[in-house]
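Engineer: Quick paste of what TrEMBL says about this protein:
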ACT_SITE  Glu230  active site
BINDING   Gly188, Glu210  Ca(2+) 3 binding site
BINDING   His205  Zn(2+) 1 binding site
BINDING   Glu210  Ca(2+) 1 binding site
SIGNAL    1-30  signal peptide
Amino acid sequence: MYLCTMATKILLCIAFFVLLFNAGVEKASASDFLSNLRGSHKGDTVEGISVLKKYLQDIGYIKSDPSNTNISTNIFDDLLESALETYQSYYGLNVTGFLDDNTVSLLSQPRCGVPDFPEERTDYSFFPGKPKWWTYNLTFAFAQGTQFYTLAPVAKALEDWGSVSPFRFSLKGFDEANFKISFQPFYGPHQPLAYSLEPTAGKLHFNVHERWVSGKVPGGYDIESVALHEIGHLLGLEHSKDFHSIMYAYFWPNTVKITLQPDDIQGLKVLYGF
């Protein structure tokens, strides 16, 4: 059946009370390795530089190249300086090429695991090849064992995207659904909050180790805010440089961001032509 606004509101109310009993969920550890690197410049050799290089590769700022052995060294080299300059430019930071306070602060924030495409010139962006769905009628499903309190916020996020587009979303069996939503363990020194695949793969993984909440809760991440972002990826949108956009890659705890912005809507319109 199509999403029902009233049913969603009722589920949200129930979910709020369920969340009160989930306040003690352990939060994933922060990326402490960056604190050691603060102030590092080209030419420095510091433990953890290789981890940072790998992280910048994961989020789109160092190209994957098996022949590039520099990525495994702890030397602050030209490769890292160039990656940092691109990162700083993309996010509107001062382009210093070293690990200044503002750069370390942003790099330390939890974010979506989908890489950026910093070569894009518009705020909104798309996946390479601009993949998209062939229909506006899409189905979704949650993996078996998904916590009940997460269902309504994700359904509300789907409803929000439907309100600004021709897309309509309905429940279906997990194996047949276009969007397959699950909670998975993420590993590594800088674990993302969530990760989604482009059309038409349709997979959305939330980090099971994070503290998922509804609304502003100290130390918690609002699941509707993150779901709204990740569904944008499922529909074909990549990250946006616009801080106010839902498709901005970074998230902060105790924060709610659930209003689709003109940049988000325009990106979807350009991709699908509606």
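The backbone N, Cα and C atoms fix where each Cβ goes, glycine too.
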Engineer: Among all protein chains shown, how many Cβ atoms are found within 10 Å of the Cβ of His205 (Zn(2+) 1 binding site), not counting that one?
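Structural biologist: I count 20 other Cβ atoms within 10 Å of it.
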Engineer: Return the count of C-beta atoms lying within 10 angstroms of the C-beta of Glu210 (Ca(2+) 3 binding site), excluding that atom itself.
Structural biologist: 24
Engineer: Which number gives the other C-beta atoms within 10 angstroms of the C-beta of Glu230 (active site), all protein chains shown included?
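Structural biologist: Its Cβ shell of radius 10 Å holds 28 other Cβ atoms.
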Engineer: What does DSSP assign His205 (Zn(2+) 1 binding site), in three states?
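Structural biologist: Strand, per DSSP.
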Engineer: Determine, to the nearest whole angstrom, how far the Cα atom of Glu210 (Ca(2+) 3 binding site) is from the Cα atom of Glu230 (active site).
Structural biologist: 16
